[in-house]
Amino acid sequence: MANGVIPPPGGASPLPQVRVPLEEPPLSPDVEEEDDDLGKTLAVSRFGDLISKPPAWDPEKPSRSYSERDFEFHRHTSHHTHHPLSARLPPPHKLRRLPPTSGRHTRRKRKKEKTSVPPSEGTPPIQEEGGAGVDEEEEEEEEEEGESEAEPVEPPPSGSPPKAKFSIGSDEDDSPGLPGRAAVTKPLPSVGPRTDKSPQHSGSFPSPRARASRLAGEKSRPWSPSASYDLRERLCPGSALGNPGGPEQQVPTDEAEAQMLGSADLDDMKSHRLEDNPGVRRHLVKKPSRTQGGRGSPSGLAPILRRKKKKKKLDRRPHEVFVELNELMLDRSQEPHWRETARWIKFEEDVEEETERWGKPHVASLSFRSLLELRRTIAHGAALLDLEQTTLPGIAHLVVETMIVSDQIRPEDRASVLRTLLLKHSHPNDDKDSGFFPRNPSSSSMNSVLGNHHPTPSHGPDGAVPTMADDLGEPAPLWPHDPDAKEKPLHMPGGDSHRGKSLKLLEKIPEDAEATVVLVGCVPFLEQPAAAFVRLNEAVLLESVLEVPVPVRFLFVMLGPSHTSTDYHELGRSIATLMSDKLFHEAAYQADDRQDLLSAISEFLDGSIVIPPSEVEGRDLLRSVAAFQRELLRKRREREQTKVEMTTRGGYTAPGKELSLELGGSEATPEDDPLLRTGSIFGGLVRDVRRRYPYYPSDLRDALHSQCVAAVLFIYFAALSPAITFGGLLGEKTEGLMGVSELIVSTAVLGVLFSLLGAQPLLVVGFSGPLLVFEEAFFKFCRAQDLEYLTGRVWVGLWLVVFVLALVAAEGSFLVRYISPFTQEIFAFLISLIFIYETFYKLYKVFTEHPLLPFYPPEGALEGSLEAGLEPNGSALPPTEGPRGPRNQPNTALLSLILMLGTFFIAFFLRKFRNSRFLGGKARRIIGDFGIPISILVMVLVDYSITDTYTQKLTVPTGLSVTSPDKRSWFIPPLGSARPFPPWMMVAAAVPALLVLILIFMETQITALIVSQKARRLLKGSGFHLDLLLIGSLGGLCGLFGLPWLTAATVRSVTHVNALTVMRTAIAPGDKPQIQEVREQRVTGVLIASLVGLSIVMGAVLRRIPLAVLFGIFLYMGVTSLSGIQLSQRLLLILMPAKHHPEQPYVTKVKTWRMHLFTCIQLGCIALLWVVKSTAASLAFPFLLLLTVPLRHCLLPRLFQDRELQALDSEDAEPNFDEDGQDEYNELHMPV
């Protein structure tokens, strides 16, 4: 049998057998006196006196009635089959009594002094695990003495009657035992389950006198060697109870004692003696070193040691959190069930009652009273930490038993509370996922749930918590007024329950997250609130409980009557918000007892904000709350940092603090700063090569992804549009010496070479506004000095290579750290003003050449002029193929104005649409990113549809040819083409080379600095020295071939990095997006540059683009560049009252007049640069721009304090990847 006892014929239950004691040799008087005292104290007669008076019957409390079904269940239940007490007796070699010695006599006296209950006060308790106060070492010494000084037992005289002794819990004698199992005789009458207060128990047992005579008769049987035994010998290790076929079975006591106790007491004894309930605080009892499993031989300890080795180490490492609040509600059929009403990943999301959909994530606002009630609830409720259960019924069973032990609920409410905890769970997404056919989860009655799912106790996998269907009788009604409660569906963990899970929500939950389930509700059968906080030993997947399959680690249960003042909903929100707080849930993982949880609540209250109970009208009144909260969080982090430093001081790390160190407690290893000087010539360049080139194979492998293909198509249009725009304007500025063809070829060649050799291949090289301004200034200078413009650029390029080599050799890239936003804003604001001015100046020239006249030339004259210089649809021929375009054309000015404004407004509207709330985030982002190509395409179609109005078109040659073949070729002679180039200019070209180096250095290095921000999570590093050397050296080659100089384009480079950025999907709703990785590779840059170069074959298409459309793009770039500059925002504050100023650091931390003074200084620098740019000395404007750097670091600290400069000139811009956030123009202080 499973119980290890051979049943007699007929299937009767075994009856314990008792042997007749043998006659013992006379002992000393002291020993006999002690034996007599203990015999009187623990005699059977005292038990008879205790049970002779039955407890009074209370007629008000209902008693349970038992039927034949109850008795049959009791007879055939395995855990009610009791073993004979003789089976717990020690082996035969322990039957010998030791003679008294002086040492033993002294130890007996010492043990008698430790006895807490005198014999006259009552019956001593039966110890759970070893006798209280018994010293382990003394017992081992007694064993050794007993084996060395044992005397043979003499048989009693034949004529003397046997002396019956029956003492329980003897502290003196070693317990005798039997060499084998007791023989089975007749079955013991079974006792049905009953409660302590049932009046039926009085007739179930014989009288004390009859019981005593029966026991005496049993003890007089000849096969009993001794009647003196010790209850301590019945102790066995808890791990030995898990073996179904082992000698140690789950039997709480023997039949004799079972007849004295009720079924409730037997169940309690069984739970107390045989189960190990984690989280339940018990009195510490010193365990004796002797156990029955290891008494006979060392092999008995092997199973115990094996199980100890298999015990897993507690996982105290905090995980990410997912909290779900379930409230007890009634459905449409008035059936109770658990309904999900809120959830937390980081912020709170509530279910809207009317629409049954999730609301927007928000910061949870809690009432101060609910937090105090929660603290009081945890202080007085049940706290089960490190509970070793893996099923919901097992957890619920131990929670209910703990509530009963802590006097939170009555024993008769056990069934109702357990049924309530096991009710089915429903979620808002259940009906949505199932469509027209709602999902019907598997349900079962209480009997099937408890019969099929036995929670596993901590002492062994095979030992199950005793569950018995009839222990609860017929299923008690969950609600007292509901007679059909037994048919209500309960939670069935094993069913198919996750059909309605939300995959989108599951993506937002981190992979290693562990869930917290909060169950709160009102029940009518409780008289007072009952609560329990449970932390499982390890996270387990409780199916059908959560909306998504996330393992559960914490549970909080709160049930109570409705007539109390407790708001269960707010209390559930409070504990859920606490568990979603980072510091509190870390403390919950590391808590050792209840006090740690209470301390964590106090820490949470220290960082909380209390808002007065007044009506708040408008968000402006709550502006101070956010700032105050940031201050509290800062102080909280400082306290945590101080604690971490104290725990790590001296090399000691407190237990449970390893994660805090990983999260920022310990300093990270210093990173390889690419701008750090080595002190050697070309030292920075060598470090860049060693840092970046080892990643070259991965730069090719990482491009094998579909995201790279999408990035290539997007950045191609983003790079082609500026190339066409700046190429057309450059042709206007240089009179056709350089145009679209040269700029496209330069972008393609330099882009491919830089992508293959550069240290940061994510940079996009291209033409920019500052270089356009410089080219125009240098062209005017050469015309004024009667010099060849292209030949002068050759010498400027050669000097540029020399200066770049000298700068890289001296590791001068570190100077970029001194270029603050003060200089960047001046630079960007100046270029934006130039763009806007040039746009309207070009439009003014169109109105001058084609004025609005009341009378135009005759039709024939107009046709003759059109035939002389126009292609069909009014496309202007290249300068070599005919005269300049016609003048005084009707409607040309108006159409040019419409095309320019139409292009600007379409591109600007699509940019605003990108940050709007229409459509999805990805769709808006795609439309917004392609705003410029879309606007160009739309307005080209508009111009193409109007055939009778002339507009000036973009000049693009046919095939791979220069813009003006009659003026130049692809190679520029360094000594001059038409006439010799003056030698003095060969040397003087060093000055413009130095100026163009300033522009290239500032744009390239600032762009590389922006791309290399830590927030962008680039892992392969960058190389400022190598990138500058490549761009400068390639600039020298551009001069020889008559190609425009290029630099790292800020907006296009940042857009390229953003297109290759992979965002984390496991982001809590309402939280800002986080970068998972960036696909750093070289292939996309090569493909983008190649596609731009191949665009030269689209000459027929490019010749259809009107110049007015390019003016609109020029205007768009100028206006959008101003939106991200703090200078433009502070400029508007001059015209705004102080009460309407925004809550920005440069407003709140600086006085208004001093803020305006800083703005005026910047405007003065811009005005000076504009004046220089407008005069003949326009070539020197990069040098004046460079002078703003020493102005910021030398003069401004004398006018402003450090804290003011920190607020006015701080680089606090971070990359924004929110779908509803700002674009690249708002993040950057650099010109387009």
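Including glycine, each Cβ sits where the backbone N, Cα and C put it.
So that you can see what the record holds, here are the features copied from Swiss-Prot:
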type     : residues  : note
COMPBIAS : 1-11      : compositional bias 'Pro residues'
REGION   : 1-316     : region 'Disordered'
COMPBIAS : 76-97     : compositional bias 'Basic residues'
COMPBIAS : 104-113   : compositional bias 'Basic residues'
COMPBIAS : 134-152   : compositional bias 'Acidic residues'
MOD_RES  : Ser167    : phosphoserine
MOD_RES  : Ser170    : phosphoserine
MOD_RES  : Ser175    : phosphoserine
MOD_RES  : Ser198    : phosphoserine
COMPBIAS : 280-289   : compositional bias 'Basic residues'
MOD_RES  : Arg295    : omega-N-methylarginine
COMPBIAS : 305-316   : compositional bias 'Basic residues'
REGION   : 429-499   : region 'Disordered'
COMPBIAS : 440-450   : compositional bias 'Polar residues'
REGION   : 709-1232  : region 'Membrane (anion exchange)'
TRANSMEM : 709-731   : transmembrane segment
TRANSMEM : 737-774   : transmembrane segment
TRANSMEM : 794-816   : transmembrane segment
TRANSMEM : 826-847   : transmembrane segment
TRANSMEM : 893-910   : transmembrane segment
TRANSMEM : 926-946   : transmembrane segment
TRANSMEM : 980-1002  : transmembrane segment
TRANSMEM : 1028-1049 : transmembrane segment
TRANSMEM : 1083-1128 : transmembrane segment
TRANSMEM : 1155-1191 : transmembrane segment
LIPID    : Cys1165   : S-palmitoyl cysteine
List every residue in the same chain as the residue listed as 'S-palmitoyl cysteine', at least 6 positions away in sequence, whose Cβ is under 8 Å from its Cβ.
Ile826, Thr1188, Leu1191
Using a cut-off of under 8 Å between C-beta atoms, tell me which stretch among 794-816, 980-1002, 1028-1049, 1083-1128, 1155-1191 contacts the transmembrane segment (737-774) the most.
1028-1049
Could you tell me whether the transmembrane segment (893-910) and the transmembrane segment (1083-1128) have 3+ CB pairs under 8 A, leaving out pairs under 6 positions apart?
yes
Please identify the stretch among 794-816, 826-847, 893-910, 980-1002, 1155-1191 with the greatest number of Cβ pairs below 8 Å relative to the transmembrane segment (1028-1049).
794-816
Note: vs the transmembrane segment (980-1002), the recorded stretch with the largest number of Cβ pairs under 8 Å from 794-816, 826-847, 893-910, 1155-1191 is 794-816
Over the region 'Membrane (anion exchange)' (709-1232), work out the mean pLDDT and round it to an integer.
84
In which DSSP state, out of helix, strand and coil, do we find Cys1165 (S-palmitoyl cysteine)?
helix
